[in-house]
Each structure stands twice: as structure tokens, then as C-alpha cells.
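According to Swiss-Prot, the protein carries these features:
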BINDING   8, 11, 14, 47  [4Fe-4S] cluster 1 binding site
BINDING   18, 37, 40, 43  [4Fe-4S] cluster 2 binding site
DOMAIN    2-27  domain '4Fe-4S ferredoxin-type 1'
DOMAIN    28-55  domain '4Fe-4S ferredoxin-type 2'
């Protein structure tokens, strides 16, 4: 599954890109539900600050 690092600026660009709605908003950053993530990489490809990594 992909994960969102501390580099996240909480811009929200990734959330609508996720085909399985695995991304949600938390206090400071977005979070990815690893149980829902299908490893498609759509979120990582759209992140403007490269804060989403595989693993």
C-alpha cells in the first residue's frame, strides 16, 4: 500500500484520484487506508510535493 509522508501539505489533490476512496483527511495530513489501497499509484502521480510513497 502507498503511504503519505510528513511532506504532505494537505492540499487534497490526491483524494479525488483514488479509485477506491482509500484517502481521507486527518488533522494535519491526508491518510491512506492500507486495507482499501489497491497499489495503483494514482495518488502518488498527482501529488504536487511527492509526499506519497510506496510501502
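Heads up, residue numbers simply count up from 1 along the chain you see.
For all residues, glycine too, the Cβ spot is worked out from N, Cα and C.
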Can you tell which of the binding-site residues 8, 11, 47 lies nearest to residue 18 ([4Fe-4S] cluster 2 binding site) in space, using Cα positions? 47
Around the Cβ of residue 8 ([4Fe-4S] cluster 1 binding site), other Cβ atoms within 10 Å, all chains included, total 17
Residue 37 ([4Fe-4S] cluster 2 binding site), Cβ-centred 10 Å count of other Cβ atoms over all protein chains shown, is 17
DSSP assigns the residues of the domain '4Fe-4S ferredoxin-type 1' (2-27) as 3 helix, 6 strand, 17 coil
Other residues, Cβ within 8 Å of 8, 11, 14, 47 Cβ centroid ([4Fe-4S] cluster 1 site): 4, 9, 10, 12, 13, 30, 43, 46, 48, 49, 51, 52
